[in-house]
Amino acid sequence: MVRIIGVPVDLGQTQRGVDLGPGALRYAGIAERLSGLGYQVEDQGNLEVPVRDVLGSERELHYLPSIRRVCDAVYQAGRRAVEDGFLPLFMGGDHSMALGSIGGVTHHEPAGVIWIDAHGDFNTPQTSPSGNIHGMVLAALMGQGFPELVQLGRIGPKLQVTDVVMIGIRELDPQERQRLKESGIATYTMREIDERGMGTVAREAVERLEHLSRLHVSLDLDALDPLEVPGVGTTSPGGLTYREAQLLMEIIADSRRLASLDIVEINPILDQRNQTAKIAVELAASLFGSRIL
């Protein structure tokens with residue numbers, strides 16, 4: 001059983017339009033696609049998110065108070081979904097929502113996280129050039145950063161170094177790069193994917209998390225090349241091809257350990273005929289078991 005949870009948050013970054021992502025995914029037929037694969041799908045609708053235009057007093061804080069409230073709601077929604085026996089599918093919105101989704105689905109039991117992204121999202125307030133919170137998410141989940149985010153939902157880190165594998169990384173801020181090198185997190189950059197091939201990388205990534213019975217996939221669409229997915233706010237050339245991303249999803253699905261999923265950073269305003277959301281739906285379908293044969 002799959003429970004869809006829409007999170008139309010755009011507060012973690014500056015590009016307008018990412019809050020329309022859940023609607024774009026619904027319009028692209030995500031519920032129908034998963035139902036066609038035999039899943040019982042329950043769409044919970046969207047969680048309430050404040051409109052940034054009325055949050056002027058929070059602008060200098062990069063909307064930290066509101067992001068914390070939104071992510072707390074996401075946390076509780078994810079926790080309840082797991083308790084109710086559902087596989088939660090969180091539709092963003094920007095990647096800041098993963099503070100809540102990953103926290104919530106690991107409330108009772110740890111999970112391995114496969115972080116698919118062009119960016120590290122491993123900044124802290126001290127290292128981030130922009131101050132945008134969507135670039136600090138993974139660090140906060142591992143106990144580093146704003147206390148309001150680190151303590152979200154429950155006290156302490158939500159993830160350990162051995163719980164995380166990163167795939168598709170190709171754009172890092174200078175201090176973030178050094179932090180990531182020193183962190184010990186298993187990181188597969190685009191160079192490694194180019195040299196070794198996605199099949200090898202994906203299987204190795206899943207094996208690195210074999211000590212955990214559940215997998216959470218956090219899919220930022222900017223991991224793909226912008227020629228494939230124009231509808232993202234922070235484009236970076238030289239990303240995954242559609243087939244590389246689909247193969248990654250298929251190999252994760254082969255493990256039969258998928259427990260939860262984020263789909264984030266789709267911006268329909270920047271898209272072409274909803275192409276990015278359509279690709280996201282097909283990637284989700286592959287992750288949920290769709291096969292060529």
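The backbone N, Cα and C atoms fix where each Cβ goes, glycine too.
Noted in TrEMBL for the protein shown:
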- His95, Asp117, His119, Asp121, Asp220, Asp222: Mn(2+) binding site (BINDING)
For His95 (Mn(2+) binding site), the number of other Cβ atoms found within 10 Å of its own Cβ: 31
8 Å Cβ shell about His95, Asp117, His119, Asp121, Asp220, Asp222 centroid, Mn(2+) site members excluded: Trp115, Ala118, Gly120, His134, Gly135, Ala223, Thr234, Val264, Glu265
Neighbourhood of Asp121 (Mn(2+) binding site), C-beta criterion under 8 angstroms, separation at least six: His95, Trp115, His134, Gly135, Met136, Val137, Leu138, Ala139
Helix, strand or coil at Asp121 (Mn(2+) binding site) [DSSP, three-state]: coil
